[in-house]
Amino acid sequence: MSLELFLTVALNGLTVSALYFIVAIGFSLIFGLMRSVNMAHGTLFLVGAYAGVAVFYPLYDDGNAYAWIIALAAGISASAILGVVLQIVFLGWMQGQELRQTLVTIGISIIVADQLLAIFGGLSQQFYAPDILFGSVPVPFVQGGQYSTFRLFQVVVAIGVGFGLWLILQRTKLGIVVRAGVDDRAMLAAQGVNVPLISVVIFAIGAALAGLAGVIGGTAQPFGQEKDIEFLLTSLVVVIVGGMGSLPGTALGALLVGMAEQFGQSLFPAYSVMLTLLIMVAVLAFRPHGLLGRKLS
Amino acid sequence: MSDAASTSTTEVVGRSFALSSLITSAVLIALVTLPAVLPEFWTVNIFVRAMIFGIVALSLTFLAHYGGFISLAQMVPAGVAGYTIAVTVPDAIPANGFQLPYGPAVALALVLSTVAGLTIGAVAVRTREIYLLMITLAIAVSFYFFVQANVEFLNGYEGIRNVMGPDILSVPLRTPAIFYHAVLAVSVALYALVIYVSRAPLGLVLQGIRDNPRRISALGFNVALHRIVAFGLAGFIAGVGGVLLTFYNIGISPGTVSTHATISILIIAVIGGLGHPIGAFIGAFIFTIFDTFAADIYDRDRFNTLIGAVFLTIVVASPDGIIGLIKRGNALLARDRSPVSRSQTSIAP
């Protein structure tokens, strides 16, 4: 493997990891506070992407320069709204019944995926990046000396999301409450904090991030049916490897999974999935709670 | 408890045991005579398919009820068994280098599916509940991607076809009546096996681990080993289902082990109810009915919405499935009838 190829693959790995981080951090946040595995997280990704597409094309066809921004807002809102509905209508009142919550989210993801197929059809769709992010920029030492602007932008967004969440968790009242809730939910409620309301807020943030990832991911590469399962699986592996509910853990997990996937695909394309699985198995064998996770009570 | 109460409790238990064995024999006789009464479409397209899915779901119900592990990877040992058959038997297309007659091929398939089950158990051994669910889902999806990507042996996306199945006493297995009775016999045998194991030491230890792993460990049992063995047995059961499924479909393709199929097995087990092994077959029957008649009920292409709604309704309304509904119905009836059986139902889980 030449240096140029190596750097290109590494850059691909980094940009893919960035997207995985944005998807998985929402999943991890929701799990951390509510201990509920949201199997509909991939569905929230897809809902964000399709909601974005629904508003994007009419605006884009009229030649509006801000079409992508509107699509981004639409995708984020649609996912956040669906997440809030999910939490209020189904998951909130079964708090503590983890398996039941998991099954409910599986049921919802089946129905929503099928309805999306009915509405939008089975063809792949893609957003056009806004002009400022379109095309490529010169990057030294990579193949062809050029790299996609949007995929670099993806990294910037991921860093922004990570830093923003870190600020919220470490520096705001909401963050203090959330961190306390991760440790001891019952004691937090005893202190007079409205835990169900906090749960809805966190679910909305997590779902909004999935929607954000939907539009970002749908701009970087085409999306369609089965992407919900793909991104659910990625989120699962990332948080299992990195550690549930941990922000740095999710970043590390996303980086490992993204790099493994890209290097796997360039070295032995047919079996790159197995590499991801092997990483997960190895982590589980030595650290069942993930690399940076800790044992949750 | 007074003497009178305890005698009548024994009587009630004895009567319900006699009743349940009566029901079991009646159902068995009905199932055996079914091909004489029903058209082939029903026996082959509904009952055989339901029983095969029921077998795979049975492996999940076994793990869930007696061990407390919800594994989403049960389609993996089934797929391992199915692909082993497809790769080894001579009539398969595309043909391959190492060929075996059907007998040894089936044996090899079941050994490998048991090994697959043990491997899944070993990978997941330190995890519980939702972690276990996530890890097994990840294993299932990875397996799906793997068989799809493997062109060299498994013929990638297209899979392997023309696996006609063996001859039984020089009659092809594919003869509808033969196939129906063979699948029925295998289903009954596996169901009996699960019931037997649940009362054997292995099953008792598993139920102990489910309820309190620490105490079982303190009693000197190797918890991890028992869990892995349970997964091995579940792998064997799922493997039998995989072999039959490959014969039923005259071949195997990645679609058989897709995420969709994995989730379908979960839906089947949950709809029927994880509280008793029979739930797997009840769930499979309901699933197959919906699958077959979705076009008449709602919309041909919207089967997923339909079955998803059924699944969601059951999970929201009765987390223990149809079995749970029946149990609660019985408890309600019993409560009206006698005060003794009320105390009994309140003890039952």
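From the backbone N, Cα and C atoms, a Cβ is placed for every residue, glycine too.
Because TrEMBL annotations are produced automatically, they should be read as predictions rather than curated entries.
Here TrEMBL flags A:6-31, A:43-60, A:66-91, A:103-128, A:148-169, A:195-219, A:231-256, A:268-286 as transmembrane segment.
With a cut-off of 8 Å between Cβ atoms, the residues of this chain six or more beyond the transmembrane segment (A:103-128) that come close are 36-40, 42-43, 46-47, 49-50, 52-54, 56, 60, 68, 71, 82, 86, 90-91, 94, 134, 215, 218-219, 221-225, 228, 232. Residues 13-14, 17-18, 20-21, 23-25, 27-29, 31-33, 39, 41-43, 45-46, 109, 162, 165-166, 169, 182, 213, 217, 276, 279-280, 283-284, 289-294, 296 of the same chain sit 6 or more residues outside the transmembrane segment (A:231-256) yet have a Cβ under 8 Å from a Cβ within it.
Ranking A:6-31, A:66-91, A:268-286 by CB pairs under 8 A with the transmembrane segment (A:148-169) puts A:6-31 at the top.
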